[in-house]
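Colleague: Below is a structure I'd like to ask you about.
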Amino acid sequence: MQLNPSQQEAVHAIRGPVLVLAGAGSGKTRVITEKIAHLITRCAIPARHIGAVTFTNKAAREMKERVGQTLGREYTRGLTVSTFHTLGLTIIRKEVKNLGMKSGFSLFDDQDSFALLKALTEDEIDADKAMLKLLQSQISNWKNAMLQPQQALEQAKLPDEQMFAEFYRRYQQNMQACNALDFDDLILLPTMLLKTNESARERWQKKFQYLLVDEYQDTNTSQYELVRLLVGKDANFTVVGDDDQSIYSWRGAQPQNLALLQRDFPQLQVIKLEQNYRSCKRILKAANILIENNPHVFDKKLFSEMDEGEPLRVIKGRNEEHEADRVVAEIVRQRFLARTPYHFFAILYRGNHQSRVFEKALLNQRIPYRMTGGQSFFARAEVKDIMAYLRLLVNPSDDTAFIRIVNLPKRGIGPQTVERIGELAHELHVGLYEAAQHHQLETRLGTREYAQVQEFVQLISQAARRCDHPPEVASTLYGLVKEIGYEEWLYEVSPSQAAAEMRYKNINELLRWVTEMVKGDTENEPLTLEQSVAKLCLRDMLSRNEEEDQADQVQLMTLHASKGLEFPHVFMVGMEEGLLPHQSSIDEGNVEEERRLAYVGITRAQQTLTFTMARERRQYGDVMKPEPSRFLFELPQDDIEWEEQRAANEEAKEQQRQSGMDLLRKALEKN
DNA sequence: ACGCGCCGAATTTTT
DNA sequence: TTCGGCGCGT
């Protein structure tokens, strides 16, 4: 299919900064893909000098795939399509020396950081979980705002702030000692480097002669700064975004970055993509009218040349179970009437906890479903365990990993022993693993304990040595897992045999990924173990299992998780004040983001859209009678069928019929 | 190995 | 308030 005029304009605008305001379903991925192709084939920019940045691995994979399809693989060699974080990691790897880092660093995920903060604060203050979360997000905010601990300390006024800033300093100190980086560092470090180091800046500006950024409304301050530093004076770049789909501001995303572009680049070209190719007219109209209730920097009005479509419906259940039953009944009916496959249906909700009743209802009717989100693969304890082994293999300074696995499975190294190792490590200013290897340790531990520690050290160091030879990596890792008796241990501690099997399967999956990455294939260069582990930490695997994606299953997910997807039939459930908009957003006066969330949900639907709610909902044990979401009243009422309204209509019709009959009967009686 | 009892969650989480 | 997960004790 041909590109429409504005899409073409977006593709052909290659001089200077370009902002593409891409409404939902307006074909933005296609525009980015075509633009990359255009740059390579028509503008003679070598693929290796083009960078495209996304937020998710999935988006990056898809984009790579589509550029490959358009151009043929041979033209895309050297093309950079990656997430912000992977790009950051690439820069850090190339600039380790300039950053004063050791290679073989670990990447900490949020859980690791949290654990570190917990350990740091433990013997100082009795911080509860909420406080630690707050501290964690404060540190993240500081990093995203590019503030070093020093500056945070200086700016902190309240004693609480000062305490947080002090923990920030200690956190950074500890991270450095562990030779570890967190996700925010992957952006912050390259940004600071490019800011201060002119030759590095020139190097990377030369590397990326053209830069494209997807989902620009989700960038935070340091990401925007990184983009600015990378594009330099020439400012040849395209960013694509939609301020109406900004739903991650609570994570530090700065949708204002869209507006800032105009200030920072006065020559900015703004191109709007307003034709929607996804939804029928009624759905799109509803979305437009809803979002008009929000203030806008850039005006935009989507239009569709699709069918008018059916009216949007509102269904009310007696309670949340009934609501779920009715959604499921609706799916069954549709499937029966129109042979609609299950994967054409999506159930979207505000919070993960809402999924349970729907799972139950689907299970009752034996309907296959798939839940995205929830507990992720990498949050599973067994995966974290083995990941800790991998991390220690590539980074002996990773104390967090050491502590996790030194006595796992149980090998008689108790907290006492670990404490002693810690003391020695502290005295010698080295990591735990190095201290465990130190001869001074022998005098401080019992013979038995010392022997156990030495066995562990041997285990790791031998495996690490063998991992230096790529052909041996696979056998070493499988051998290591066997040697520590992890499978047997899983069977011991798991609540059921099935659970143990599941867990062991996860471990094998993990090891399969690593070994495949180390081996490489026709598409992917072989990687070192270190690189592979980093990729795993960034959740950037070769390919996820596709059977699950393709199975015919009803899709269950949060509204957040639905961004970027589309479904023929969408159910937005729990459309109640307090849920959507969420109570805490109402309290904080941030209903606008909730409205955008509703907007995202609505614009996922292609053919039909059904809102549901419960008249009664159990919450904290007592029963609530929620009001319908205010967003339902903001929608064009002509295009909405409220259930009771329809019921009322039918009742009225029935009454008419009745009274007609009455009249007739009376007339007959008279005669 | 199993069971009991206690504690925590209840908003979203691209990396 | 309730449910689920985890940890400890037998």
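Glycine too: its Cβ is placed from the backbone N, Cα and C atoms.
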Colleague: Since TrEMBL lists A:ALA22, A:GLY23, A:ALA24, A:GLY25, A:SER26, A:GLY27, A:LYS28, A:THR29 for ATP, which candidate among A:ARG228, A:ARG251, A:ARG263, A:ARG278 does it give for that site as well?
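Modeller: Looking through A:ARG228, A:ARG251, A:ARG263, A:ARG278, the residue TrEMBL assigns to the ATP site is A:ARG278.
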Colleague: How many Å separate the two farthest-apart Cα atoms among the ATP-binding residues A:ALA22, A:GLY23, A:ALA24, A:GLY25, A:SER26, A:GLY27, A:LYS28, A:THR29, A:ARG278?
Modeller: 13
Colleague: Using the recorded ATP site (A:ALA22, A:GLY23, A:ALA24, A:GLY25, A:SER26, A:GLY27, A:LYS28, A:THR29, A:ARG278) as reference, state which further residues of the same chain have their Cβ within 8 Å of the centre of those residues' Cβ atoms, listed in sequence order.
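Modeller: Once A:ALA22, A:GLY23, A:ALA24, A:GLY25, A:SER26, A:GLY27, A:LYS28, A:THR29, A:ARG278 are set aside, the remaining close residues are A:ASP242, A:LEU273, A:ASN276, A:TYR277.
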Colleague: Under a three-state reduction of DSSP output, how is A:ALA22 (ATP binding site) classified: helix, strand, or coil?
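Modeller: The three-state answer is strand.
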Colleague: Could you list the residues of the same chain, at least six apart in sequence, whose Cβ is under 8 A from the Cβ of A:LYS28 (ATP binding site)?
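Modeller: Once residues fewer than 6 apart are set aside, A:LYS28 (ATP binding site) is near A:VAL20, A:ALA22, A:ASP214, A:VAL240, A:LEU273.
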Colleague: So of A:ALA22, A:ALA24, which of the binding-site residues has the fewest other Cβ atoms within 10 Å around its own Cβ?
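Modeller: Comparing Cβ neighbour counts within 10 Å for the binding-site residues A:ALA22, A:ALA24 gives A:ALA24.
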Colleague: If you average pLDDT over the domain 'UvrD-like helicase C-terminal' (A:281-564), what do you get?
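Modeller: Average per-residue pLDDT within the domain 'UvrD-like helicase C-terminal' (A:281-564): 89.
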